[in-house]
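TrEMBL lists 545-579, 586-595 with the feature compositional bias 'Basic and acidic residues'. According to TrEMBL, the feature domain 'K Homology' maps to 10-75, 89-164, 184-247, 261-345, 365-428, 442-511. Summarising the annotation, TrEMBL assigns region 'Disordered' to 545-595.
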Amino acid sequence: ALATPLSATMPEVDTLKISNDDAAFILGKNGKTKEKIARVSGADLDLFEQSLTLEIRGTDAERRRAKKYVECVMAQRVGPVHIEETQEDDDLTVIHVPTEAVGFVTGSQGNFLRQVEEEWGTLMFFADFRGRGSGREGQTEKLAIFGPRRGRRGAQLKVMAAVETKVPEYFTGKLQPEDDADDDWGTKTIVLKPDELSYALGKKGMTRKKLAKSSGCIVEYVGYTVFMSGTREERARAEEYLGWLFEQLKGPVYVTGWEDRDDCTCVDVPRDCVGYVTGARRATLGKIEEEWGTLMFFMSTNMRARDRDRDDRGRQEFDGSEKLAIFGPRRGRRGAELKVMSAVETKRPGYFTRDIQMHTSEQEGFASDTYPMDESELSYALGKDGTTRRKLARASGCIMEYVGQVAFICGTIEQRTRARTYLKWLLKQRHGSVYVDDLRDRDDVTIVQVPRDAIGFVTGNRGSSLRHVEEESGTFCFVEGGRGESEQLLIFGHIRADRELAERLVNQLVDEKMRDDERRYDDRRRDYGRGRSFSRDRDYRRRSYSRDRDYRRRSYSRDRDYRRRSYSRGRDDSRDRGRGGRSYSRGRDYDRRRQ
């Protein structure tokens, strides 16, 4: 009776026999190719190099896709990839790349394609297709893009933008306006003027990226044409945000009805702090937008004065502050809001935190907790350049920001509970070791047994080695305390892959320490095997060197004293030159003979 449900829940496995060369090609550098195939297909891949077998686990569709991708990767090693164009999986997009742009799209050693794959979670390569002809045969190469629809569309637009740079108007020369009013998923296109394109693109494409992140829409510039792909709501937001961006070229912008929008948060910033929050040439706001994926700008107060009769909340319109509008998803807006509050609190202490007490929300969904600290706790919890705060936030999956001396912890109840617990453990470390009572019941911890001889090497000078492991893996680590011949290093994090990475890094440090100890032990044994003769020879060389050095010193001293006496005798003779030249010449000849 138990066999049926267990077999139903166990994922099925497909096993492929591969060659040694294929195994290296499937694995890729540092295992990245295997991880990429698993991410795109949704299946789990295990490569056994000893038996040269590849196991694929997942649903029927996931295994079928993974097997197809593995076969394409193996085919790249020996020649062109041939693909049968079928609609079985609906995971393929084909783009025609002109022959003169193939090298530009590929990049040096395939770097451009690899970057696009990494950004959009796709699998891309040039291939030959069977089953469907094309009018551009001989003039173009076909680029296959495998992956989910959103990823394929983002990668496709990225390649189109690259081709358009090399061959202007190749895609946009005969572009027809797209009417997708009836489709939930589609593309909206807008043609920009040359001066508008540079402003909408921004430095290193930062403006385009923030438009895409804040709206949730795919935004790409192909030539002078803006392509916005996504759901109807996402496309509408992207178009609206782009319009506000161009309105700022004419003057301040005010968004009417911002209170009723679900994508907007406003922060009251004191007028004497506006420049500090904005930064030189908008540098501070730009960093916040980049970090949290939001669109931010100060709204015009003059236009607010015209609309203050519409304000039903009774807020003072001229309270010496400016309204900073933040647009984007809720989590991003909250993170950016707390970042601005922290900046204002630095300039005007107590502006936001004067009456705030410790608070823990019982709400299951997204909410905020507050945790006041004293100055010593704040300095310890912040860390150098905020590294400690960032590692706690990343390990817990929570938004954590310090506004004045108050820690704001935002997220779901599970994330907030983790963050508060990590923060309490961190503060306890100032006074001694920390012991975790519910260690066996937690699902966010990995335990690594570290030998006592290696614990100092793993932690490093002032914890530098362990801090490096935390920074690389996004985890929170500390040594629980001595229990037997080894000590427990606890690795905390809500993502299992991050904890596994930290465990590998710690084990590498332990192995390095063990190898160094073995090398020192072998050197000592080799010296001991030489016996007393080695020691006697070394002591003899030291005594010989000492005798030679003392002899040289004595010889130098005798010569120096002799020169002094000779010089004194010659000087006395020179004084008697007036009394007779013979005595002087006799003394000089005598000195010469002595020399």
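Note that Cβ sites are derived from N, Cα and C of the backbone, with glycine treated the same way.
Each residue in the domain 'K Homology' (442-511) has a pLDDT score, and their mean in this model is 90. Counting residues of the domain 'K Homology' (442-511) by DSSP class, helix then strand then coil, yields 37 helix, 22 strand, 11 coil. In terms of DSSP helix, strand and coil, the domain 'K Homology' (10-75) has 37 helix, 17 strand, 12 coil.
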